[in-house]
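Pulled from TrEMBL, these are the features on record:
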type	residues	note
TRANSMEM	20-38	transmembrane segment
TRANSMEM	50-74	transmembrane segment
TRANSMEM	86-107	transmembrane segment
TRANSMEM	127-149	transmembrane segment
TRANSMEM	161-179	transmembrane segment
TRANSMEM	191-211	transmembrane segment
TRANSMEM	241-259	transmembrane segment
TRANSMEM	280-297	transmembrane segment
TRANSMEM	341-365	transmembrane segment
TRANSMEM	386-405	transmembrane segment
TRANSMEM	411-432	transmembrane segment
TRANSMEM	444-466	transmembrane segment
């Protein structure tokens, strides 16, 4: 049914696009090579950048580490299909930053532990530490595989870029610069990739806005169908997105990322003072709000383009996450270099996610699992070298899991949900230790196990309900009346909240 879409001269991936993508990947490798040549004398140099990194690169690295390729593709389709309510998660960013800065950050900056889970042994006992560390390792290895494979699959369906080739390129580049250059290479590469990511989003928005006749037209088209809604105050917890579920739920979710995530904490420790770390947090917050806003506006531009010929309804694409790649290749593909820049932005998000994970997994496995659980005595002079090997090994393990992830099918969303499940348990443990001095080890152990089981039950139950046809999402109206094919009737998808 793809011929129903009126062709605007969009083409496939050309040499200009491959050149743009290749240049971005080469620069990323080059940054890693520079810091590899500079050397890392100690594990602190490799894992925390020696605590000498500047504020702005650290802030940009934090922002890039939080923005996955799944979100870059998912947020525009969220706006297109369900409206703007989820944009209110930006309020969560603004709420979480002061919580992180004034309650959690002082503890981490004062202790300066290589693995944040060492705190759990200091506060409770070693078994709590090992449990949290093991959960983190399992969570991040699985999550990085999904976070790379899912967007690569969506890209391949509409750009023709081979899924396995895309995944392999991401891991080869990432394993090289993250395992050789350490935290300094990760942060500086993230800084470069943030620029590429923003440039790709702004380019797509700018061109799309121009083609639609300006932002006034885009806003008008979206307002007419009720897509712009920020304050749905419905208290019903079964409704997919309301102000309450997005802001309150989002605050707890992003607290797991900012307050107790090992990858984030290592970046806080890469700067010298707590003042720098706080400035980096607020700067990263501004970056996240900008990226989310641009992302949602991209969805508005796409709806303005497709308001009379919905690609999902005519089955030109098979999944909502393919909307943005489809739009870029079909509507802007004739502008050589733009598809390449767009794919480079997606790759940048994937690289940032995997690189941060590899570095943090090396720290946790060396300090908690090898040094703690296995009681292996690691000479200080060997820690930096071991960290490099561990970082590369986790990259290879994550890459290998991609071929298992592709067989998961409907279980894929469960794998993504696991990120929030384990993050919530970890946040609970850190919060219990820091803010409840009367809490003991037995309470921490029983509470974390019960919390894990309860949240897992809720998460699995949600996926089972969806698999059985339950959908609480309010689908925004779409039309196929303007499609250039034999379909002439108008199809409007509107579902009630309990349909």
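Glycine is treated like the rest: Cβ placed from N, Cα and C.
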In the same chain, who gets a Cβ under 8 Å from the transmembrane segment (191-211) while lying at least 6 residues past its ends?
24, 27-28, 31, 56-57, 60-61, 63-64, 67, 72, 218, 287, 290-291, 294-295, 297-298, 301-302, 305, 324, 327-328, 331-332, 335, 338, 341-342, 344-346, 348-349, 351-352
At a C-beta cut-off of under 8 Å, are there same-chain residues at least 6 beyond the transmembrane segment (444-466) that contact it? List them, or none.
124, 127-128, 131-132, 135, 410, 413-414, 417-418, 420-422, 424-425, 428-429, 432-433
Counting only CB pairs under 8 A, let me know which of 127-149, 280-297, 386-405 has the most with the transmembrane segment (161-179).
386-405
Non-local residues, at least 6 beyond the ends, that sit with Cβ under 8 Å of the transmembrane segment (50-74):
42, 44, 112, 146-148, 150-151, 154, 183-184, 186-188, 190-191, 193-194, 197, 201, 257, 263-264, 267-272, 276-277, 279-284, 287-288, 291, 295, 320-325, 345-350, 352-353, 356, 416
Would you kindly check 86-107, 127-149, 280-297 and say which stretch has the most C-beta pairs under 8 angstroms to the transmembrane segment (341-365)?
127-149
